[in-house]
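Q: Got a structure for you, written out below as structure tokens; questions coming shortly.
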Amino acid sequence: MDHMRTHTGENINESLSCGKSFSQKSNLVTHTRLPTGEKPFSCSICNKRFTLESNLTKHTRDQTCEKPFECLSCGKTFIFKSGLNEHMRIHTGEKPYSCTICSKQFTLKGNLTEHMRIHTGEKPFECRSCGKSFTQKSHLNTHLRTHTGEKPFSCIICGKTFTTKSHLTFHMKTHSDERHFSCLFCGRNFNQKSHLDRHVRIHTGEKPFSCTICSKSFTREDNLTQHMAIHVRPIFPQ
């Protein structure tokens, strides 16, 4: 009967405190615990308590490292079957969540939610220190480090620390001297694609950076910046 109400939209379980209605009684029970702070589900290992039984299940499996749901394609394991189901879309290519505005499709509902903020302009994650807002919580967390000075990503070779994982990854190349980008003209290798692109212009003669005043072109943006200074003249008072 509870299941059928998900199709009919019938809500007969109403909260006495706020009037909100639910199709399933279990959802009403969970809702009523929020203002009371009731946490009836307790961890047998550390005694931590939870409002939802599903949160206790996840916590317990985190403690025991239990991941009973395994992907038959790659062997990766998951705490919940829902996590396995989402993961399987990587192998099947299924993207069941579609943007109603631009029709772009997504594997996860959360990714669609984040994408929709591009269209709506919504930035629900706000920094309490400076008021700056962000579309994603991860972007807010990264921003907060500019206030706290936290640098959680550390180089295992030299100990230098960084605010983001991408900055650490970029730094690690200075130790490994990885050079994945090779010039097809002369064979020279580069550790960044941007450096390769700049180098290739020596061979092709391409000059994509153009002066808006005299139309002179340059292979590098910094050369254009230096050139622009010759057009700037100090203005002295008459």
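The chain as shown is numbered from 1 upward.
Placement of Cβ uses the backbone N, Cα and C atoms for every residue, glycine included.
So TrEMBL lists the following for this protein:
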type   : residues : note
DOMAIN : 13-40    : domain 'C2H2-type'
DOMAIN : 41-68    : domain 'C2H2-type'
DOMAIN : 69-96    : domain 'C2H2-type'
DOMAIN : 97-124   : domain 'C2H2-type'
DOMAIN : 125-152  : domain 'C2H2-type'
DOMAIN : 153-180  : domain 'C2H2-type'
DOMAIN : 181-208  : domain 'C2H2-type'
DOMAIN : 209-231  : domain 'C2H2-type'
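I would like each feature placed in context: is it buried or exposed, what are its neighbours, and how far apart are things?
A: Taken as a whole, the domain 'C2H2-type' (13-40) shows an average pLDDT of 66 in this prediction.
Under DSSP, the residues of the domain 'C2H2-type' (41-68) split into helix, strand and coil as follows: 12 helix, 4 strand, 12 coil.
Away from its own ends, the domain 'C2H2-type' (97-124) comes close to residues 86, 89-90, 133-136 of its chain (Cβ-Cβ under 8 Å, at least six residues beyond either end).
Here the domain 'C2H2-type' (153-180) has Cβ contacts under 8 Å with residues 142, 145-146, 189-192 of the same chain, all six or more residues outside its ends.
Residues 173, 217-220 of the same chain lie 6+ residues outside the domain 'C2H2-type' (181-208) yet bring a C-beta within less than 8 angstroms of a C-beta in it.
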Q: Determine which residues of the chain contact the domain 'C2H2-type' (125-152) at the Cβ level, with the cut-off under 8 Å and only residues 6 or more beyond its ends counted.
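A: Answer is 114, 117-118, 161-164.
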Q: So if I exclude everything within five residues of the ends of the domain 'C2H2-type' (69-96), which remaining residues of that chain have a CB under 8 angstroms from its CBs? That is, six or more out.
A: 57-58, 61-62, 105-108
